[in-house]
Amino acid sequence: MRKFAYCKVVLATSLIWVLLDMFLLLYFSECNKCDEKKERGLPAGDVLEPVQKPHEGPGEMGKPVVIPKEDQDKMKEMFKINQFNLMASEMIALNRSLPDVRLEGCKTKVYPDNLPTTSVVIVFHNEAWSTLLRTVHSVINRSPRHMLEEIVLVDDASERDFLKRPLESYVKKLKVPVHVIRMEQRSGLIRARLKGAAVSKGQVITFLDAHCECTVGWLEPLLARIKHDRKTVVCPIIDVISDDTFEYMAGSDMTYGGFNWKLNFRWYPVPQREMDRRKGDRTLPVRTPTMAGGLFSIDRDYFQEIGTYDAGMDIWGGENLEISFRIWQCGGTLEIVTCSHVGHVFRKATPYTFPGGTGQIINKNNRRLAEVWMDEFKTFFYIISPGVTKVDYGDISSRLGLRHKLQCRPFSWYLENIYPDSQIPRHYSSLGEIRNVETNQCLDNMARKENEKVGIFNCHGMGGNQVFSYTANKEIRTDDLCLDVSKLNGPVTMLKCHHLKGNQLWEYDPVKLTLQHVNSNQCLDKATEEDSQVPSIRDCSGSRSQQWLLRNVTLPEIF
C-alpha cells in the first residue's frame, strides 16, 4: 500500500509539471502573437527591435499583400491618398522581413570596421505613416550601429496631423537619434534636402526617399566605396516595391542610368564596355552616366566642394541629371554599387501638386542645367523641347562661376568618355522634319512608345514629336527609338536602336528623295487608305508618295 501511494504522488507531481509546461508554452506563444500584432499598429510607445527571423504576417519576406474582395472598394479610395495601396501598407509590419536579394558574391564580401559614419536624410511631404516609419525602421534595423550617425527627417510643410507631434513622440523612443526638421513653407525636394544636409553631422550624407526599405548589407558597400575615394558618389541598386501589393522585387544589376532627348532619366542596359572594364565581375560597382536621384550617398565635404544642389532649381526635376553631369565633368565618379539593395515604392502618378505646374518647373530646371553644363549640345535639347526656351530660368552666374572654379570639362568630353552610347546623336546628316512631297505631311512619333507604329501628321514646324535624326549610321531616330520594318509591305514601327543595322538601316537618296529600307529593298511610302496615319514600305516606284524632304529644324527664338 505504501508503495502504491508513493507511485500516485510521483504520477500526480509529473502531471502537474506537464500541465505547467503546457501553460507556459501557450502563454509565451500568445504573447509573441500579441507583440507581432502591436508592431503593425501606430502606437507611439512601441520601439521595434530588429527582425531576427521571418514573421508570419502580410508582406513578410517581401511577399505581395492580397486584399479581400469585400475590401476592394475601400482599398481603391485609400489608394488615392498617396497613389499607392495604403491599405496593404498598413497591414504590413513596420519592421517586416525582406529576402536577401544580393548576388552570392556580395554575401561573402568583408568590409573594414572603420568606415565613415553617415547621416540619413529623408524628405517627406504628406507621406503615409506606415511607409515613412517602415523606411526609418529598415535603416535602423539593417545598418551597423556605429556607422549610423543619425536619421534626419525633413518635413516639407506636411498638413497631416499624425506627421506633427505624434511623429516626434514616436521617433524620440527609437534607439538611433532621429531628428524632425520642419520647413516653414512648401519648398520642394531640392531645398528640403539642402536643409537636411546642413544640419546633419555624419561624415557621409545618405539621401533616401520617404517610401523605401533597406535590405541586409545595404550600407557597408556604399560607405566602403566612399572611404576608398571620397570623390566617388554611390547609389544602391533600386529594387521595386509594388505600389499595388507592396511585393518586394529585386532590381537588375545589368542596368544603369542615362537620359533621352528630352533629358528624362531612363534605365538602359549596362554596355559591354563596362562589363569588360569590370572583367565580368558583376559584384563590382558600375560606372553610371547619371543617377535616378532619389537614393545616393556622398561625402559631406565633397558635397560642399562640388556645389551641393543648384538652389536656383525649384521643387523637383532635373536635379539628378544636373548633379550627375557636375560630378563627372568636375572630376568625380558616379557609381551604382551592385552589392547594395534598397527598395523603393514606384508610383504610376504623383499625389502632389506643384506651384506653377509640373511642366513649368521641370522646364525651368532643365533650362538651368542645359545652360550651365551642356555647352553647344543645349541647342539640340532646345530643338527637341522648344517650350524650354520660353521660361524664366533665373540667374545662373554663380553656377557658371562654380564650373569655372572647379575647372570642369566640356560636355563633349562627357559624351565621348562617360556616355558614348548616349541617345544624343553626335553625327547626323539631318535633324528635323521628314516631309512627304505628295501629301505635305510629316513623320510624327505621336508620343507613342516602343513597339508602336510611327505616325504621319500635318507638319507644324514646331519640332518636338516631328523631329527625327538621320544619323551617320543611316538610322532614322526619334529619341532612343529607331524606325524599324520587319516584313515586306509592312508598317514602320519604333524599336529600341540596336546599332546593328539590319531592319533599322535606311538609305536616303538626296536626288531621288527616297528613303530605301535596305533589308527589304523597298521604299518608305505615305500612309495607306486602310490606316491613314501610319506610313509603310512598298516596292520602289519613283512616285511622289515615296519622296521625302529631310529638313533641319531651326533653333527656336530663345528668351
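Here the Cβ of each residue, glycine as well, is placed from N, Cα and C on the backbone.
Between Cys408 and the candidates Cys330, Cys339, Cys482, Cys497, Swiss-Prot records the disulphide bond with Cys330. Just one of His344, His404, His427, His460 is listed by Swiss-Prot for the same Mn(2+) site as Asp209, His211, and that one is His344. Per Swiss-Prot, the range carrying the annotation region 'Disordered' out of 45-66, 529-550 is 45-66. The annotation in Swiss-Prot ties Asp156, Trp316, Arg347, Tyr352 to substrate, and of the candidates under consideration, Arg134, Arg186, Arg287, Arg368, the one tied to the same site is Arg186. The record in Swiss-Prot pairs Cys497 in a disulfide bond with Cys482, which is drawn from Cys482, Cys523. Among Cys106, Cys212, Cys214, Cys523, the cysteine that Swiss-Prot records as disulfide-bonded to Cys339 is Cys106.
For the region 'Catalytic subdomain B' (285-347), residue counts in helix, strand and coil come to 17 helix, 21 strand, 25 coil, using DSSP. Across the region 'Catalytic subdomain A' (115-225), DSSP helix (H, G, I), strand (E, B) and coil residues number 46 helix, 28 strand, 37 coil.
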